[in-house]
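Among the features that TrEMBL reports, compositional bias 'Polar residues' is placed at 416-462. What TrEMBL records for 469-483 is compositional bias 'Basic and acidic residues'. The region 'Disordered' annotation in TrEMBL covers 412-483. According to TrEMBL, the feature transmembrane segment maps to 46-73, 94-113, 176-201, 338-355, 361-386.
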Amino acid sequence: DLSLLRFISAELTRGYFLEHNEAKYTERRERVYTCMRIPKELEKLMFFGIFLCLDAFLYVFTLLPLRVFLAMFRFITLPCYGLRDRRLLQPAQVCDVLKGVILVICYFMMHYVDYSMMYHLIRGQSVIKLYIIYNMLEVADRLFSSFGQDILDALYWTATEPKERKRAHIGVIPHFFMAVLYVFLHAILIMVQATTLNVAFNSHNKSLLTIMMSNNFVEIKGSVFKKFEKNNLFQMSNSDIKERFTNYVLLLIVCLRNMEQFSWNPDHLWVLFPDVCMVVASEIAVDIVKHAFITKFNDITADVYSEYRASLAFDLVSSRQKNAYTDYSDSVSRRMGFIPLPLAVLLIRVVTSSIKVQGVLAYVCVVLFYCGLISLKVLNSIVLLGKSCQYVKEAKMEEKLFNPVLTATPGKPAGKQQSMFKSTQGISTDENGSTSVTNQPVHQKENTPSLLVTSNSDQFLTTPDGEEKDINQDSSELKHRSSKKDLLEIDRFTICGNRID
């Protein structure tokens, strides 16, 4: 008996039961809770990562000059002690001297770049043209950061490679000139970025600054609708940390240049404050929205950011060991794509041109400021090391510090090599039987053959998805996963886009 009255009555009184599809609605509710947790977990990772970048950045101004001085002192006083060592300088000292020489040369080269002329040249361009230039600069900065650390690593390895090996490189001098050219060009690129941002701050209608900030929201469109794995998201998180820290330094440079033009009038700082807050707030908002929807669309939980934080902490702890493979500042450069040398060259150039040091009292203030930077660097390093040890213990990664995973040779599964390695290396434990992060591995016995292992930081990326695989796998499964592992190993050193399997 169909009628309009019955249809309306059914529409008004019909019922339904959500508990019949309990799993579906529970999952939707968990997605909402995950999106609500993303800002907190993401900012924890960002906060930790920014202080890691700050530690590597302060190293260039504080400990690097002292290490260069000690290396030169050893080189000068070496004839007094005799040539008992085959090396004039240790590999770490050679790398420190190269960094110092590159820094000094690029600093003097930056004097030939006129900041005022560049500012007026950029200010004379139209708004749309400046918007296009700023986008091009962002892409170029990622490309430079991607290839720059490879150039520096090639220089360090060429300068410290054992001489007994067959020559398979073009020489130290060409590599050195390539590194100097890279740091100089990258510093100029960052200077153009800072100048463009300065022009946006000083424009009357703030239209350029608004357009530049809206460019951050365009980034959401290019990211949230792509497929992401946990390792790709880790790569993007590191890139966001580097980008946010670089923007903070650029804002500092802009404020220094503007304060100099107004004779360091503190009232002008409050004029810049709203624009600075707008830039920082737009960066934070874009990162939160982007990561919230990426995790939602790819079914990634918010706990993954604690794994990323533990991975960064693992790099720091492993680099503090006596048998570390690399300096920590270089480890941050490879992991995040943050190379402190070009940014340090630009900041030194801006500070020396903006602040005039005259008189004995001014030099005393410079010395006190330098001592304050050293104190800040030491305090930051101590706090970071303590927090990193805590994160490593919470993630139960302590045994990875002393059990390096060997690269599988063709025809042999990795499990056999791991078992052989464990049988030849002792692991230091505390009284409770748990492996300690601060302890060092026990030296191998003399009759035990030495094994060439790869770096812990190069092997560990993130906690694997799902449950732990059994280490005794057959060769066919290793071959099936080898291509993906190789891609991820390359991927984490690359910040130019997100590679999808």
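Just so it is clear, glycine is given a Cβ too, placed from its N, Cα and C backbone atoms.
Counting Cβ pairs under 8 Å to the transmembrane segment (94-113), the stretch among 46-73, 176-201, 338-355, 361-386 with the most such contacts is 176-201. Residues 89, 93-94, 96-97, 99-100, 103, 237-238, 240-242, 244-245, 248-249, 287, 309, 312-313, 316, 328-329, 332-333, 336, 338, 340-341, 343-344, 370, 373-374, 376-377, 380-381, 383-384, 387 of the same chain, all 6+ positions outside the transmembrane segment (46-73), place their C-beta atoms under 8 angstroms from a C-beta of that stretch.
Sequence-distant contacts of the transmembrane segment (176-201) (same chain, six or more residues past either end, CB-CB distance under 8 Å): 98, 102-103, 105-106, 109-110, 113, 115, 118-119, 122-123, 130, 133-134, 137-138, 140-141, 144-145, 147-148, 151-152, 154-155, 208-209, 212, 246, 250-251, 253-254, 257-258, 272, 275, 279, 339, 341-343, 345-346, 349-350. Sequence-distant contacts of the transmembrane segment (338-355) (same chain, six or more residues past either end, CB-CB distance under 8 Å): 53, 56-57, 59-61, 99, 102-103, 106-107, 110-111, 115, 144-145, 148-149, 152, 183-184, 186-187, 189-191, 194, 241-242, 245-246, 249, 252-253, 256-257, 259-260, 329, 332.
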